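Visitor: Handing you a structure now.
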(Lines of atoms letter the chains of each structure in order from A and count residues from 1; the text may use other names and numbers.)
(Lines give C-alpha, C1' and ligand atoms only; values in the text may rest on other atoms or scores of the structure.)
Protein backbone atom coordinates (compact mmCIF):
# COMPACT_ATOMS: atom_id res chain seq x y z
CA UNK A 1 0.00 0.00 0.00
CA UNK A 2 2.74 2.42 0.98
CA UNK A 3 4.60 1.96 -2.28
CA UNK A 4 1.36 2.42 -4.27
CA UNK A 5 0.59 5.56 -2.33
CA UNK A 6 4.02 7.06 -2.87
CA UNK A 7 3.83 6.14 -6.56
CA UNK A 8 0.50 7.95 -6.86
CA UNK A 9 1.92 10.95 -5.03
CA UNK A 10 4.98 11.13 -7.22
CA UNK A 11 2.82 10.83 -10.34
CA UNK A 12 0.63 13.64 -9.10
CA UNK A 13 3.82 15.58 -8.44
CA UNK A 14 5.09 14.94 -11.95
CA UNK A 15 1.87 16.02 -13.61
CA UNK A 16 1.72 19.15 -11.42
CA UNK A 17 5.32 19.90 -12.29
CA UNK A 18 4.57 19.42 -15.99
CA UNK A 19 1.57 21.73 -15.68
CA UNK A 20 3.77 24.45 -14.13
CA UNK A 21 6.30 24.10 -16.96
CA UNK A 22 3.51 24.28 -19.54
CA UNK A 23 2.14 27.45 -18.03
CA UNK A 24 5.60 29.02 -17.95
CA UNK A 25 6.21 28.14 -21.60
CA UNK A 26 2.87 29.61 -22.60
CA UNK A 27 3.56 32.77 -20.68
CA UNK A 28 7.05 33.19 -22.20
CA UNK A 29 5.56 32.60 -25.66
CA UNK A 30 2.88 35.24 -25.06
CA UNK A 31 5.56 37.77 -24.00
CA UNK A 32 7.61 37.09 -27.15
CA UNK A 33 4.60 37.27 -29.46
CA UNK A 34 3.54 40.57 -27.90
CA UNK A 35 7.02 41.96 -28.59
CA UNK A 36 6.77 40.85 -32.23
CA UNK A 37 3.28 42.35 -32.59
CA UNK A 38 4.55 45.66 -31.22
CA UNK A 39 6.80 46.00 -34.30
CA UNK A 40 3.85 45.79 -36.75
CA UNK A 41 2.86 48.89 -38.72
CA UNK A 42 -0.78 50.00 -38.63
CA UNK A 43 -1.72 48.28 -41.93
CA UNK A 44 -0.04 45.02 -40.85
CA UNK A 45 -1.52 45.03 -37.37
CA UNK A 46 -4.91 43.43 -38.03
CA UNK A 47 -3.75 40.35 -39.95
CA UNK A 48 -0.58 39.88 -37.86
CA UNK A 49 -2.75 39.83 -34.76
CA UNK A 50 -5.01 37.14 -36.29
CA UNK A 51 -1.99 35.09 -37.31
CA UNK A 52 -0.39 35.23 -33.88
CA UNK A 53 -3.71 34.45 -32.15
CA UNK A 54 -4.06 31.36 -34.34
CA UNK A 55 -0.50 30.36 -33.58
CA UNK A 56 -1.06 30.76 -29.83
CA UNK A 57 -3.98 28.31 -30.01
CA UNK A 58 -1.87 25.82 -31.93
CA UNK A 59 1.03 26.17 -29.48
CA UNK A 60 -1.32 25.67 -26.53
CA UNK A 61 -2.56 22.41 -28.07
CA UNK A 62 1.00 21.34 -28.88
CA UNK A 63 1.90 21.65 -25.17
CA UNK A 64 -1.19 19.67 -24.12
CA UNK A 65 -0.80 16.74 -26.49
CA UNK A 66 1.48 13.86 -25.70
CA UNK A 67 3.21 11.68 -28.31
CA UNK A 68 1.42 10.05 -31.25
CA UNK A 69 -2.21 11.01 -30.92
CA UNK A 70 -3.80 7.72 -31.91
CA UNK A 71 -4.45 4.80 -29.63
CA UNK A 72 -3.60 1.92 -31.95
CA UNK A 73 -6.00 -0.45 -30.20
CA UNK A 74 -8.97 1.74 -31.14
CA UNK A 75 -8.26 1.78 -34.87
CA UNK A 76 -10.78 -0.22 -36.86
CA UNK A 77 -11.45 -0.84 -40.50
CA UNK A 78 -14.05 1.63 -41.78
CA UNK A 79 -17.58 0.18 -42.12
CA UNK A 80 -18.45 -1.05 -45.64
CA UNK A 81 -20.77 1.82 -46.55
CA UNK A 82 -18.46 4.58 -45.29
CA UNK A 83 -16.13 4.19 -48.28
CA UNK A 84 -18.08 3.96 -51.53
CA UNK A 85 -16.62 2.64 -54.79
CA UNK A 86 -16.50 5.35 -57.47
CA UNK A 87 -18.18 2.97 -59.98
CA UNK A 88 -21.31 2.91 -57.82
CA UNK A 89 -21.44 6.72 -57.72
CA UNK A 90 -20.83 6.99 -61.44
CA UNK A 91 -23.54 4.41 -62.19
CA UNK A 92 -26.20 6.85 -60.93
CA UNK A 93 -25.55 8.94 -64.03
CA UNK A 94 -26.07 12.70 -64.23
CA UNK A 95 -29.24 14.77 -63.96
CA UNK A 96 -30.40 17.02 -66.80
CA UNK A 97 -29.74 20.14 -64.76
CA UNK A 98 -26.03 19.52 -64.15
CA UNK A 99 -25.32 23.22 -64.82
CA UNK A 100 -27.37 24.31 -61.81
CA UNK A 101 -25.41 21.83 -59.69
CA UNK A 102 -22.10 23.13 -61.05
CA UNK A 103 -23.07 26.68 -60.22
CA UNK A 104 -23.00 25.72 -56.52
CA UNK A 105 -19.33 24.69 -56.74
CA UNK A 106 -16.07 26.52 -56.03
CA UNK A 107 -12.70 25.00 -56.97
CA UNK A 108 -9.97 25.66 -54.39
CA UNK A 109 -6.32 24.91 -55.12
CA UNK A 110 -3.67 24.74 -52.40
CA UNK A 111 -1.00 27.05 -53.81
CA UNK A 112 1.27 27.76 -50.84
CA UNK A 113 4.25 25.66 -51.90
CA UNK A 114 7.54 26.68 -53.49
CA UNK A 115 9.32 24.63 -56.13
CA UNK A 116 12.45 24.33 -53.97
CA UNK A 117 12.44 20.51 -53.87
CA UNK A 118 12.74 20.61 -57.66
CA UNK A 119 15.42 23.31 -57.64
CA UNK A 120 13.10 26.16 -58.69
CA UNK A 121 12.66 29.57 -57.16
CA UNK A 122 9.13 30.90 -56.78
CA UNK A 123 5.74 29.17 -56.59
CA UNK A 124 5.62 25.54 -57.62
CA UNK A 125 2.42 26.23 -59.58
CA UNK A 126 4.47 28.23 -62.10
CA UNK A 127 6.71 25.31 -63.16
CA UNK A 128 6.12 24.34 -66.82
CA UNK A 129 4.54 20.90 -66.96
CA UNK A 130 3.36 20.30 -70.48
CA UNK A 131 3.92 22.25 -73.75
CA UNK A 132 5.01 25.32 -71.76
CA UNK A 133 1.82 25.14 -69.66
CA UNK A 134 2.26 25.49 -65.89
CA UNK A 135 0.16 23.82 -63.18
CA UNK A 136 -1.78 27.08 -62.90
CA UNK A 137 -2.35 27.32 -66.69
CA UNK A 138 -3.74 23.77 -66.78
CA UNK A 139 -6.05 24.47 -63.82
CA UNK A 140 -7.47 27.62 -65.45
CA UNK A 141 -7.91 25.79 -68.79
CA UNK A 142 -9.85 22.97 -67.07
CA UNK A 143 -12.29 25.30 -65.32
CA UNK A 144 -12.66 27.53 -68.37
CA UNK A 145 -13.57 24.46 -70.44
CA UNK A 146 -16.14 23.49 -67.80
CA UNK A 147 -17.69 26.97 -67.73
CA UNK A 148 -17.87 27.15 -71.54
CA UNK A 149 -19.25 23.61 -71.96
CA UNK A 150 -22.06 24.02 -69.44
CA UNK A 151 -22.46 27.81 -69.52
CA UNK A 152 -21.69 28.00 -65.79
CA UNK A 153 -19.75 30.22 -63.43
CA UNK A 154 -17.42 28.01 -61.39
CA UNK A 155 -14.80 30.26 -59.75
CA UNK A 156 -11.21 29.33 -58.88
CA UNK A 157 -9.83 30.18 -55.46
CA UNK A 158 -6.11 29.96 -54.74
CA UNK A 159 -4.86 29.61 -51.19
CA UNK A 160 -1.46 31.31 -51.41
CA UNK A 161 1.20 31.65 -48.73
CA UNK A 162 3.37 34.68 -48.06
CA UNK A 163 5.97 32.82 -50.14
CA UNK A 164 3.83 32.55 -53.28
CA UNK A 165 1.39 35.46 -53.11
CA UNK A 166 3.28 38.20 -54.98
CA UNK A 167 4.51 36.03 -57.85
CA UNK A 168 1.10 34.38 -58.26
CA UNK A 169 -0.76 37.71 -58.38
CA UNK A 170 1.59 39.01 -61.09
CA UNK A 171 0.86 35.96 -63.24
CA UNK A 172 -2.91 36.14 -62.67
CA UNK A 173 -3.11 39.31 -64.77
CA UNK A 174 -2.77 37.21 -67.89
CA UNK A 175 -6.08 35.47 -67.13
CA UNK A 176 -8.08 38.68 -66.76
CA UNK A 177 -10.04 37.88 -69.96
CA UNK A 178 -10.56 34.18 -69.28
CA UNK A 179 -13.96 32.75 -68.41
CA UNK A 180 -12.97 32.03 -64.83
CA UNK A 181 -13.30 34.35 -61.86
CA UNK A 182 -10.13 33.94 -59.81
CA UNK A 183 -9.89 34.86 -56.13
CA UNK A 184 -6.95 34.49 -53.77
CA UNK A 185 -6.52 34.52 -50.03
CA UNK A 186 -3.43 34.01 -47.94
CA UNK A 187 -2.86 31.31 -45.39
CA UNK A 188 -1.49 32.35 -42.02
CA UNK A 189 2.11 33.21 -41.34
CA UNK A 190 3.39 31.56 -38.17
CA UNK A 191 6.73 31.95 -36.36
CA UNK A 192 9.19 29.05 -36.38
CA UNK A 193 10.30 28.14 -32.87
CA UNK A 194 13.67 27.18 -31.53
CA UNK A 195 13.69 23.46 -30.77
CA UNK A 196 15.52 23.93 -27.46
CA UNK A 197 13.81 27.00 -25.98
CA UNK A 198 10.42 26.61 -27.70
CA UNK A 199 10.43 30.36 -28.33
CA UNK A 200 10.06 32.18 -31.68
CA UNK A 201 13.29 32.94 -33.53
CA UNK A 202 11.75 36.06 -35.10
CA UNK A 203 12.36 39.36 -33.34
CA UNK A 204 9.96 41.46 -35.43
CA UNK A 205 7.19 41.07 -38.04
CA UNK A 206 9.34 41.48 -41.14
CA UNK A 207 9.75 38.42 -43.34
CA UNK A 208 12.13 39.57 -46.01
CA UNK A 209 15.90 39.28 -46.30
CA UNK A 210 17.46 37.39 -43.41
CA UNK A 211 14.07 37.09 -41.71
CA UNK A 212 12.56 34.80 -44.38
CA UNK A 213 13.63 31.77 -42.36
CA UNK A 214 11.82 32.95 -39.23
CA UNK A 215 8.33 32.31 -40.59
CA UNK A 216 6.41 29.49 -42.25
CA UNK A 217 2.94 28.72 -43.65
CA UNK A 218 1.39 26.19 -41.21
CA UNK A 219 0.31 23.44 -43.62
CA UNK A 220 -2.93 23.18 -45.56
CA UNK A 221 -5.04 22.47 -42.46
CA UNK A 222 -4.90 26.24 -42.04
CA UNK A 223 -7.42 26.58 -44.89
CA UNK A 224 -10.46 26.61 -42.59
CA UNK A 225 -9.37 29.53 -40.44
CA UNK A 226 -7.72 31.62 -43.15
CA UNK A 227 -10.55 31.11 -45.67
CA UNK A 228 -13.03 32.19 -43.00
CA UNK A 229 -10.89 35.12 -41.78
CA UNK A 230 -10.40 36.41 -45.33
CA UNK A 231 -14.14 37.10 -45.68
CA UNK A 232 -14.16 35.14 -48.94
CA UNK A 233 -16.06 32.21 -47.40
CA UNK A 234 -18.98 34.47 -46.47
CA UNK A 235 -18.97 36.18 -49.87
CA UNK A 236 -19.17 32.84 -51.70
CA UNK A 237 -22.00 31.61 -49.44
CA UNK A 238 -23.85 34.88 -50.16
CA UNK A 239 -23.44 34.14 -53.90
CA UNK A 240 -25.22 30.80 -53.42
CA UNK A 241 -22.15 28.57 -53.51
CA UNK A 242 -22.48 25.39 -51.43
CA UNK A 243 -19.42 23.16 -51.86
CA UNK A 244 -15.71 23.57 -52.39
CA UNK A 245 -13.55 21.03 -54.17
CA UNK A 246 -10.09 21.31 -52.62
CA UNK A 247 -6.91 19.75 -54.00
CA UNK A 248 -3.17 20.28 -54.27
CA UNK A 249 -2.28 22.38 -57.30
CA UNK A 250 0.44 19.86 -58.22
CA UNK A 251 -2.05 16.97 -58.46
CA UNK A 252 -2.81 16.93 -62.17
CA UNK A 253 -5.48 14.24 -61.71
CA UNK A 254 -7.66 16.44 -59.49
CA UNK A 255 -10.21 17.67 -62.02
CA UNK A 256 -13.85 18.50 -61.24
CA UNK A 257 -15.80 15.23 -61.26
CA UNK A 258 -19.48 15.71 -62.11
CA UNK A 259 -20.54 12.33 -60.71
CA UNK A 260 -19.10 13.05 -57.26
CA UNK A 261 -20.58 16.55 -57.31
CA UNK A 262 -24.01 15.15 -58.21
CA UNK A 263 -23.73 12.59 -55.39
CA UNK A 264 -23.06 15.44 -52.94
CA UNK A 265 -25.87 17.68 -54.13
CA UNK A 266 -28.46 14.92 -54.71
CA UNK A 267 -27.60 12.17 -52.21
CA UNK A 268 -29.46 8.88 -52.78
CA UNK A 269 -30.69 8.74 -49.18
CA UNK A 270 -31.59 12.44 -49.02
CA UNK A 271 -28.95 13.23 -46.38
CA UNK A 272 -26.10 15.39 -47.62
CA UNK A 273 -22.48 14.75 -46.76
CA UNK A 274 -20.52 17.64 -45.30
CA UNK A 275 -17.14 16.15 -46.15
CA UNK A 276 -16.03 13.73 -48.86
CA UNK A 277 -12.46 12.47 -49.12
CA UNK A 278 -11.30 10.83 -52.33
CA UNK A 279 -9.13 7.83 -51.51
CA UNK A 280 -7.47 5.42 -53.90
CA UNK A 281 -5.86 1.99 -53.65
CA UNK A 282 -2.30 1.92 -52.35
CA UNK A 283 0.53 0.67 -54.49
CA UNK A 284 4.05 -0.03 -53.23
CA UNK A 285 4.86 3.60 -54.01
CA UNK A 286 2.27 4.98 -51.57
CA UNK A 287 3.05 3.17 -48.35
CA UNK A 288 3.49 6.43 -46.47
CA UNK A 289 0.16 7.98 -47.49
CA UNK A 290 -2.41 8.79 -44.79
CA UNK A 291 -5.25 6.27 -44.55
CA UNK A 292 -8.94 6.42 -43.56
CA UNK A 293 -9.90 4.41 -40.50
CA UNK A 294 -12.85 4.10 -38.15
CA UNK A 295 -11.96 5.56 -34.75
CA UNK A 296 -14.44 6.16 -31.92
CA UNK A 297 -17.35 5.82 -34.39
CA UNK A 298 -16.04 8.51 -36.74
CA UNK A 299 -14.09 8.34 -39.97
CA UNK A 300 -10.59 9.49 -39.17
CA UNK A 301 -7.49 10.19 -41.23
CA UNK A 302 -4.38 8.61 -39.74
CA UNK A 303 -1.00 9.87 -40.97
CA UNK A 304 2.26 7.97 -40.61
CA UNK A 305 3.57 10.57 -38.13
CA UNK A 306 0.79 9.67 -35.69
CA UNK A 307 1.47 5.96 -35.71
CA UNK A 308 3.34 4.52 -32.69
CA UNK A 309 6.78 3.27 -33.82
CA UNK A 310 5.93 -0.36 -33.09
CA UNK A 311 3.08 -0.27 -35.60
CA UNK A 312 4.66 1.62 -38.52
CA UNK A 313 5.25 -1.55 -40.58
CA UNK A 314 1.66 -2.60 -40.05
CA UNK A 315 0.50 0.86 -41.12
CA UNK A 316 2.56 0.62 -44.32
CA UNK A 317 1.23 -2.82 -45.19
CA UNK A 318 -0.77 -2.80 -48.38
CA UNK A 319 -2.98 -5.66 -47.16
CA UNK A 320 -4.31 -4.14 -43.93
CA UNK A 321 -4.72 -0.53 -45.05
CA UNK A 322 -5.55 -0.75 -48.71
CA UNK A 323 -6.34 2.90 -49.44
CA UNK A 324 -4.79 6.30 -48.91
CA UNK A 325 -5.93 9.93 -48.99
CA UNK A 326 -5.44 11.71 -52.33
CA UNK A 327 -6.14 15.09 -50.67
CA UNK A 328 -8.96 15.69 -53.15
CA UNK A 329 -11.70 16.85 -50.78
CA UNK A 330 -15.28 18.06 -51.21
CA UNK A 331 -16.50 20.15 -48.28
CA UNK A 332 -19.74 22.01 -47.53
CA UNK A 333 -19.17 25.74 -47.11
CA UNK A 334 -21.94 26.12 -44.51
CA UNK A 335 -20.31 23.40 -42.40
CA UNK A 336 -16.91 25.13 -42.49
CA UNK A 337 -18.59 28.35 -41.34
CA UNK A 338 -20.50 26.61 -38.53
CA UNK A 339 -17.50 24.70 -37.20
CA UNK A 340 -15.12 27.62 -37.53
CA UNK A 341 -17.47 29.87 -35.54
CA UNK A 342 -17.74 27.22 -32.80
CA UNK A 343 -13.95 26.72 -32.87
CA UNK A 344 -14.79 23.04 -33.33
CA UNK A 345 -12.42 21.92 -36.08
CA UNK A 346 -10.06 19.43 -34.53
CA UNK A 347 -6.90 18.49 -36.43
CA UNK A 348 -3.90 16.65 -35.04
CA UNK A 349 -0.72 18.70 -34.83
CA UNK A 350 2.13 17.71 -37.10
CA UNK A 351 5.51 18.67 -35.65
CA UNK A 352 7.85 19.34 -38.56
CA UNK A 353 11.51 19.65 -37.53
CA UNK A 354 13.81 21.73 -39.78
CA UNK A 355 17.46 22.68 -39.70
CA UNK A 356 18.09 26.21 -40.95
CA UNK A 357 21.02 27.20 -43.15
CA UNK A 358 23.02 28.37 -40.14
CA UNK A 359 22.53 25.01 -38.43
CA UNK A 360 19.81 26.11 -35.98
CA UNK A 361 17.23 23.42 -35.22
CA UNK A 362 13.67 24.71 -35.30
CA UNK A 363 10.23 23.16 -35.30
CA UNK A 364 7.14 24.26 -37.14
CA UNK A 365 3.67 23.26 -36.01
CA UNK A 366 1.36 22.30 -38.86
CA UNK A 367 -2.02 20.70 -39.53
CA UNK A 368 -3.42 18.79 -42.53
CA UNK A 369 -6.71 19.71 -44.22
CA UNK A 370 -8.00 16.11 -44.38
CA UNK A 371 -7.52 15.53 -40.66
CA UNK A 372 -10.64 17.64 -40.01
CA UNK A 373 -12.87 14.90 -41.46
CA UNK A 374 -13.80 13.73 -37.98
CA UNK A 375 -15.26 17.14 -37.07
CA UNK A 376 -17.82 17.11 -39.91
CA UNK A 377 -21.20 15.38 -39.99
CA UNK A 378 -21.96 12.50 -42.33
CA UNK A 379 -18.46 12.16 -43.84
CA UNK A 380 -17.76 9.79 -46.68
CA UNK A 381 -14.77 8.28 -48.45
CA UNK A 382 -15.00 7.59 -52.18
CA UNK A 383 -12.56 5.09 -53.63
CA UNK A 384 -11.61 6.73 -56.93
CA UNK A 385 -9.52 5.45 -59.85
CA UNK A 386 -5.78 5.98 -59.53
CA UNK A 387 -5.97 8.46 -62.43
CA UNK A 388 -7.36 11.08 -60.03
CA UNK A 389 -4.06 11.05 -58.14
CA UNK A 390 -1.25 12.30 -60.36
CA UNK A 391 0.98 14.44 -58.16
CA UNK A 392 4.19 15.98 -59.43
CA UNK A 393 6.56 16.09 -56.45
CA UNK A 394 9.81 15.25 -58.25
CA UNK A 395 11.33 15.34 -61.73
CA UNK A 396 10.62 11.57 -61.92
CA UNK A 397 6.90 12.48 -61.72
CA UNK A 398 7.46 15.30 -64.20
CA UNK A 399 8.93 12.86 -66.73
CA UNK A 400 5.74 10.77 -66.58
CA UNK A 401 3.37 13.69 -67.18
CA UNK A 402 5.50 15.18 -69.98
CA UNK A 403 5.69 11.86 -71.81
CA UNK A 404 3.42 10.22 -74.39
CA UNK A 405 1.81 8.18 -71.59
CA UNK A 406 -0.64 11.07 -71.30
CA UNK A 407 -2.57 13.14 -73.75
CA UNK A 408 -3.66 16.69 -72.94
CA UNK A 409 -7.18 17.89 -73.64
CA UNK A 410 -8.64 21.20 -72.33
CA UNK A 411 -6.13 21.28 -69.49
CA UNK A 412 -6.79 17.69 -68.39
CA UNK A 413 -4.29 14.85 -68.71
CA UNK A 414 -5.61 11.41 -69.54
CA UNK A 415 -3.70 8.17 -69.91
CA UNK A 416 -3.05 7.46 -73.58
CA UNK A 417 -5.31 4.83 -75.12
CA UNK A 418 -2.20 3.31 -76.70
CA UNK A 419 -0.97 2.21 -73.26
CA UNK A 420 -1.87 -1.47 -72.96
CA UNK A 421 -2.42 -1.44 -69.17
CA UNK A 422 -3.61 1.40 -66.92
CA UNK A 423 -0.80 1.37 -64.34
CA UNK A 424 1.89 4.03 -64.34
CA UNK A 425 5.53 2.92 -64.78
CA UNK A 426 7.80 3.22 -61.74
CA UNK A 427 10.43 5.88 -62.54
CA UNK A 428 13.45 6.67 -60.37
CA UNK A 429 15.79 9.37 -61.66
CA UNK A 430 19.04 9.86 -59.74
CA UNK A 431 20.36 13.02 -58.08
CA UNK A 432 21.76 14.44 -61.37
CA UNK A 433 18.13 14.94 -62.40
CA UNK A 434 16.74 16.49 -59.18
CA UNK A 435 16.65 20.08 -60.41
CA UNK A 436 14.29 20.94 -63.23
CA UNK A 437 17.00 22.76 -65.25
CA UNK A 438 19.37 19.77 -65.04
CA UNK A 439 16.56 17.37 -65.85
CA UNK A 440 15.53 19.33 -68.97
CA UNK A 441 19.15 19.55 -70.12
CA UNK A 442 19.54 15.76 -69.98
CA UNK A 443 16.66 14.96 -72.36
CA UNK A 444 16.90 16.20 -75.93
CA UNK A 445 13.34 15.01 -76.23
CA UNK A 446 11.16 13.05 -73.81
CA UNK A 447 11.48 9.31 -74.58
CA UNK A 448 8.61 7.15 -75.84
CA UNK A 449 7.43 5.41 -72.64
CA UNK A 450 4.17 3.73 -73.75
CA UNK A 451 5.55 0.25 -73.08
CA UNK A 452 7.71 1.06 -70.06
CA UNK A 453 7.28 -0.75 -66.72
CA UNK A 454 10.26 0.45 -64.76
CA UNK A 455 13.07 2.96 -65.28
CA UNK A 456 16.02 3.59 -62.98
CA UNK A 457 18.67 6.14 -63.98
CA UNK A 458 21.70 6.93 -61.86
CA UNK A 459 24.75 9.10 -62.48
CA UNK A 460 25.73 11.31 -65.44
CA UNK A 461 23.32 10.16 -68.15
CA UNK A 462 21.86 12.02 -71.14
CA UNK A 463 19.18 10.98 -73.64
CA UNK A 464 19.30 11.80 -77.36
CA UNK A 465 16.22 12.53 -79.47
CA UNK A 466 13.48 9.93 -80.04
CA UNK A 467 14.71 7.31 -77.58
CA UNK A 468 12.25 4.52 -76.86
CA UNK A 469 12.10 2.77 -73.45
CA UNK A 470 10.25 -0.54 -72.98
CA UNK A 471 9.86 -3.08 -70.17
CA UNK A 472 12.48 -2.66 -67.44
CA UNK A 473 15.38 -0.31 -68.20
CA UNK A 474 18.20 0.37 -65.75
CA UNK A 475 20.94 2.86 -66.65
CA UNK A 476 23.80 3.34 -64.22
CA UNK A 477 26.80 5.54 -64.96
CA UNK A 478 29.57 4.87 -62.48
CA UNK A 479 31.27 7.78 -60.76
CA UNK A 480 33.37 9.67 -63.31
CA UNK A 481 31.75 7.90 -66.27
CA UNK A 482 29.16 9.37 -68.57
CA UNK A 483 26.52 7.55 -70.57
CA UNK A 484 24.91 9.16 -73.60
CA UNK A 485 21.97 7.17 -74.90
CA UNK A 486 22.18 7.75 -78.68
CA UNK A 487 19.32 9.32 -80.67
CA UNK A 488 16.75 6.79 -81.86
CA UNK A 489 17.94 4.06 -79.46
CA UNK A 490 15.36 1.46 -78.44
CA UNK A 491 16.05 0.02 -74.98
CA UNK A 492 13.86 -2.95 -74.11
CA UNK A 493 14.59 -4.86 -70.88
CA UNK A 494 18.16 -3.55 -70.82
CA UNK A 495 20.74 -2.78 -68.18
CA UNK A 496 23.20 -0.13 -69.31
CA UNK A 497 26.16 0.34 -67.01
CA UNK A 498 29.60 1.86 -66.61
CA UNK A 499 30.96 2.47 -70.05
CA UNK A 500 27.88 2.29 -72.25
CA UNK A 501 27.80 -1.48 -72.59
CA UNK A 502 24.22 -2.38 -73.38
CA UNK A 503 23.25 -5.74 -71.85
CA UNK A 504 20.04 -7.74 -72.14
CA UNK A 505 18.05 -7.65 -68.91
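Heads up, the Cβ atoms here are built off N, Cα and C, so glycines get one too.
All annotation found in TrEMBL is predicted automatically rather than curated by experts.
As listed in TrEMBL for this protein:
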- 124, 187, 219, 250, 393: UTP binding site (BINDING)
- 220: substrate binding site (BINDING)
Visitor: Counting every protein chain present, what is the number of Cβ atoms, excluding its own, within 10 Å of the Cβ of residue 187 (UTP binding site)?
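Guide: If we count other Cβ atoms within 10 Å of residue 187 (UTP binding site), we arrive at 28.
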Visitor: Have a look at the binding-site residues 124, 187, 250, 393 and say which one has the shortest Cα distance to residue 220 (substrate binding site).
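Guide: Given the candidates 124, 187, 250, 393, the nearest one is 187.
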Visitor: Which residue among the binding-site residues 124, 393 has the fewest other Cβ atoms within 10 Å of its Cβ, if you could check?
Guide: 393
Visitor: Checking the spread of the UTP site as listed (124, 187, 219, 250, 393): what is the longest Cα-Cα distance, in whole Å?
Guide: 21
Visitor: When you measure from the Cβ of residue 219 (UTP binding site), which residues in the chain that are at least 6 apart have a Cβ under 8 Å away?
Guide: 350, 352, 366, 367, 368
Visitor: My understanding is the cutoff is Cβ-Cβ under 8 Å with a sequence separation of 6 or more in the same chain; which residues meet that for residue 250 (UTP binding site)?
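Guide: For residue 250 (UTP binding site), the qualifying residues are 113, 124, 125, 135, 391, 392, 393.
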